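Undergrad: Here you go, one structure.
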Amino acid sequence: MAKITKEIVFGNHNLILETGEVARQADGAVMASMNGTQVLVTVVWKKDGGESNDFFPLTVNYQEKFYAIGKIPGGFNKREGRPSDNETLISRLIDRPIRPLFPDNFFNEVQIIATVLSLNPEVSPDIIAMIGASAALSISGVPFNGPIGAARVGYKDGVYLLNPSRKEQEESKLDLVIAGTKDAILMVESEAQELSEDIMRGAMLYGHEMMKNVIKSIEELAREVGKSKPEWKAPEIDTVLKARINDVARNEVEAAYLIKDKQQRYQRLDELREQTISALLAENDELNADVIANMFGELERSIVRNRILDGEPRIDGRDHRTVRPISIRTKFLERTHGSCLFTRGETQAIVVATLGNERDAQILDGISGESRDRFMLHYNFPPYSVGETGQVGSPKRREIGHGRLAKRALMAVLPDANEFPYVLRIVSEITESNGSSSMATVCGTSLALMDAGVPLKAPVAGVAMGLIKEGDRYAVLTDILGDEDHLGDMDFKVAGTEKGITALQMDIKISGITNEIMEQALEQALEGRTHILGVMNNALAEHRTELSQHAPRITTMKVAEDKIRTIIGKGGATIKGLIESTGVSIDIDDSGVIQLFSPDKMALEEAQKQIKALIAEIEVGQTYQGKVSKIVDFGAFINLLPGKDGLLHISQICADRTQKVEEVLQEGQEIEVFVAGIDKQGRVKLEWKDKPQAEAKEVEDAPVSATFLTMEEQSEEINSGNKISEEEE
């Protein structure tokens with residue numbers, strides 16, 4: 001096949017789609033490029049074997065190569081390893097809008113691999129990878145009801161930005177990724193700085209409109225490639241069997257869905273499913289048990305959906321707009337820095353906040369460069385939370401994705417590092433789950449942080465919305481259950497403060513979501529969020545004014561840049577000595593900002609005291625409690641501040657010429673001295689306050705000299721009484 005290229009203007013740059021040159025043995029391969037960022041996306045699908053599956057085995061692998069930015073990977077092996085969290089999140093971003101577009105009962109294996117080959121740091125590869133995946137699917141011959149387009153939308157000064165650069169993103173109040181077909185929005189993922197529902201809805205509509213040119217270009221590319229798609233026909237439904245299942249099980253299934261307790265309801269449905277399979281196999285042993293089970297599931301779906309559309313109570317008895325009962329316990333765990341047990345219906349999370357110092361920040365080394373993450377949020381979904389057994393170990397894609405959503409919801413309200421210098425780690429342990437566990441994590445995180453004393457700008461709550469739609473009839477549901485998510489047409493999560501939205505995630509399984517439906521969903525989400533915030537405020541209205549007694553303390557100091565060397569010392573000796581003597585962790589940056597970190601408040605104060613003494617200047621006219629550091633023939637050197645001595649002349653010590661200094665003072669002795677003066681060379685002249693002996697007679701030709709430096713650093717000239725030269729450390 002000859003090389004085919006399509007090029008369109010998309011935001012600030014041209015988007016180029018090429019096929020026919022690279023990876024020609026794949027069913028579909030597209031090189032998607034934009035201003036130096038190039039992503040190769042391939043699609044391969046098995047033409048048979050689907051009949052043995054009872055699910056759709058679609059896998060999406062997004063991978064970033066370090067050579068794309070001219071870097072060699074770190075680590076011992078010097079090659080790319082397991083996917084990073086960012087790669088996992090972008091894999092999910094590609095997967096979510098395309099999965100609903102494959103035909104029902106299409107169970108053939110499909111694999112999509114997106115590889116970043118070249119990266120311009122100003123052009124994010126995620127949108128390019130999503131568009132490339134859509135194009136590769138469209139030319140692969142796989143049954144796919146696409147193509148889709150994708151776009152990133154920013155918002156600054158009242159204007160929406162299409163595919164903003166990384167620099168523009170830093171100044172934007174919105175980071176929204178949207179994907180969909182030319183007729184419908186399918187997926188939205190966003191982080192915002194407390195924006196209104198109208199602004200968010202406008203961003204979605206703007207992004208959907210802007211991506212239509214991309215979809216048109218992909219359609220043209222597919223036509224030119226000209227690969228025919230096999231006619232895919234879903235297996236014919238056995239209407240006789242369907243009717244028989246309806247006769248045998250409908251009444252019992254309807255009664256089962258009146259059971260409000262999830263585990264009891266599931267147990268009853270499992271019993272009914274087995275009874276139905278046994279009864280029908282007894283009537284006809286040629287029937288397939290899996291087919292009967294699938295049709296039983298369709299019966300469940302029909303019953304639940306029609307009840308809701310008919311205005312009947314939901315599975316747990318609520319109406320469409322009511323949030324489940326909420327209970328909150330802060331300070332749930334005794335020895336943690338901050339904790340919360342958040343329960344909403346049958347969904348529950350233990351959320352724990354831990355405070356650390358700058359050394360605890362996570363170092364992220366990706367192809368975009370190294371960065372430090374000062375706010376980590378880890379979401380864990382153990383199998384016991386849904387009453388099942390399963391593997392426990394590394395987080396799965398879903399856990400990484402849910403944790404990322406909850407993190408984005410809190411980013412807008414975190415205090416500035418200068419205001420609250422702690423590194424924060426949140427862990428959300430989902431202990432029960434029946435829908436919306438990620439939004440329970442958002443609420444629990446907000447409360448746990450406030451319980452830990454973190455001064456959030458505002459509390460954040462989240463709620464998951466659902467949709468049931470059949471023809472022109474629809475119902476928008478607030479705070480959906482797991483079954484309503486599974487059997488419904490939309491999962492729409494919204495998090496925010498009283499002021500506005502901070503995060504939004506939407507996945508739609510059907511086309512035809514109108515602007516009216518979206519507006520109603522946002523309005524109901526605001527109503528639900530406001531209610532939840534009210535309950536949260538009753539439990540903990542403001543952050544704790546004091547940190548937990550088990551939390552470490554951090555103090556930040558600022559010193560002049562020319563004092564940094566003094567604090568560090570030769571070869572780091574001074575700062576190491578401070579750390580060893582006080583037990584305090586000390587970090588100092590090039591601007592002179594010092595961060596002190598210790599679980600011991602007294603140790604922290606001692607370290608501060610010693611640092612202040614290190615950088616303090618000796619002042620004329622001040623009295624100091626000094627220590628005799630060295631005795632010489634013409635007097636004694638008195639240490640006033642760390643590394644800074646002054647000379648107490650023999651005339652201030654001895655009563656007459658015959659008396660020796662050693663007869664009056666000993667090394668290590670503490671005395672109170674007065675700074676009489678400092679000459680141009682920085683030498684300090686001292687007087688002994690309240691000295692015990694009478695005034696000494698003047699000693700002719702005795703040198704009067706002093707220095708800021710300790711005697712250990714003086715040259716042999718000191719002992720001979722010669723002029724002391726000033727040296728720098």
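Glycine is treated like the rest: Cβ placed from N, Cα and C.
Pasting the feature list from Swiss-Prot:
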BINDING   ASP485, ASP491  Mg(2+) binding site
DOMAIN    552-611  domain 'KH'
DOMAIN    621-689  domain 'S1 motif'
Undergrad: When you tally the Cβ atoms that lie within 10 Å of each candidate's Cβ, which of the binding-site residues (ASP485, ASP491) has the highest tally?
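TA: Highest number of other Cβ atoms within 10 Å: ASP491.
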Undergrad: What are the DSSP helix, strand and coil residue counts for the domain 'KH' (552-611)?
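TA: Looking at the domain 'KH' (552-611) with DSSP, the answer is 32 helix, 16 strand, 12 coil.
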Undergrad: Helix, strand or coil: which one is ASP491 (Mg(2+) binding site) in, per DSSP?
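TA: SS state of ASP491 (Mg(2+) binding site) = strand.
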Undergrad: Which numbers of helix, strand and coil residues does DSSP report for the domain 'S1 motif' (621-689)?
TA: 6 helix, 37 strand, 26 coil
